[in-house]
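Sequence annotations record features per position, and here TrEMBL assigns domain 'MBD' to 240-306. The domain 'Pre-SET' annotation in TrEMBL covers 366-465. Summarising the annotation, TrEMBL assigns domain 'SET' to 468-653. Look at TrEMBL and you will find 662-678 tagged as domain 'Post-SET'.
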């Protein structure tokens, strides 16, 4: 609990019909972050026993301690101010007011607190008329408009450093009123406050001398250029990208603070700018042409940026970079049980067609003309390509149907399409500040080499490659696996599945070879997902914790191809709802065969991901340099916040009894384990 309170302690509670009245505290409910949610209190005139279930329940913003405060409350504390003749207030208070402490008592303000009242003018008040609210500042800020939130956050973070207008009585100043600047005359200056007379309204008003309603301050902030802008455009500056990606800003002089009082993370730039949300930070980085990227920041309060995982076991084998510098960052491999290594393979980071007749069509891609970093997703051609795929996809027909019902003008197709773009953007379908929080079944179309946007684009992620510090390790019971060395926020890109691309014939031949097999086969089956109603779901084979081989891989959109037992269902004679993407596929006259990715001889870190019935990773189909739906990039993203040292696992989505005479038992060990995969 943020405030110490005992059972039976006297409190003030607010009821809309009775105002603030005396009561006694009974009990409280807290959330997972130990923050107050509901307080049960017994009114002073209540005849029920203290243990009764009939007492009233109040949210923390409606409960205050009955005892008045001392002179040591911090700026930002939520308080209740009561009318009092002895409070030496700077203005008359005729009703109880809630607000925050904006200035502590001192000789300058005559030992009074400055109060920023909710929806009222600021004032000075002595402690004898102030009561401590049980509401946290973070709870209050979650309910106010974004402008107020940012202003108060910045005020609390920078106090006692403030920018005040230097002004005297009888001076004229323009102040903002209903969106217009009007002339005002200063009638009194008292500490950080000033009282002005508004001739146009013939009334007085108290204002804080640091308010942005004062034109001199508003103009200075509007024309303010961050001091670090001159450094940010220096392209000769080099950034070490070999470390954990969330450490990069800290290595460049940024600070990251966990502010429990504000309920948020605060990033402080080298020049002192403070940011409490990704939207403002992205705009700032774009404005100053920074070499840093929004993906390198995390406002997740559970994410421990600097804490690295260190195993308690001494490794017998340790390779600092198993990729041999083929990845952007080192890929460590350790064996803490014996001296064995994975079977030898060539480490690659791309998809390599086995034969020359397998051609990934790169001629059909188009680019956007955005110069704003594709911030307006409804105008970016590549974002709209992703949205169009969602709109036409079987997976989202219920969502799109509901959205269309909310649109008034059914006959205006273009306006409806724009409305759907805006609705999908507001629901964060696709990347959000460099992260993907939910799988897009219809695929993501990233910006590409034909686009006018640059690396700061909101729609570029997978194409930058691996930037997370991962570790391949011997799991003892499941063979080789992969774990993260640092905390990862939800939606973080991990890697793509790399390997050789085989056609049907080569896959069948390789699958029956004794020294090869199908243990690393994954079928590129995105075409079938365009019209899922046309095919029954098909089982996937492979993977490590169901077999004694090094590792095997599969996925619901990337069905495994078995060279011995053909498990694919033939196309059924049912009508196909042809989406735009499927029609493009047909018109291109592509080879209709299934292509297989094999990571046996050539592959990357993705071949080591294990299965779990409680996955923390999901798979996403992504198109970058080609819109050829036969060959999507298979990208892995974190499904939730993952702590350092945790194994990265995903659900292979096998279906039991779909392969005749084959049984695979699951050894994932999770509480939700299904025990059988096949």
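Placed from the backbone N, Cα and C atoms, the Cβ positions cover glycine too.
Heads up, TrEMBL stuff is auto-annotated, nobody curated it.
For the domain 'Pre-SET' (366-465), the predicted model reports an average pLDDT of 92. With DSSP states grouped into helix (H, G, I), strand (E, B) and coil, the domain 'Pre-SET' (366-465) comes out at 41 helix, 4 strand, 55 coil.
Per-class residue totals from DSSP over the domain 'MBD' (240-306), listed helix then strand then coil: 20 helix, 12 strand, 35 coil. Sorting the domain 'Post-SET' (662-678) by DSSP state (H, G, I as helix; E, B as strand; all else coil) yields 0 helix, 2 strand, 15 coil.
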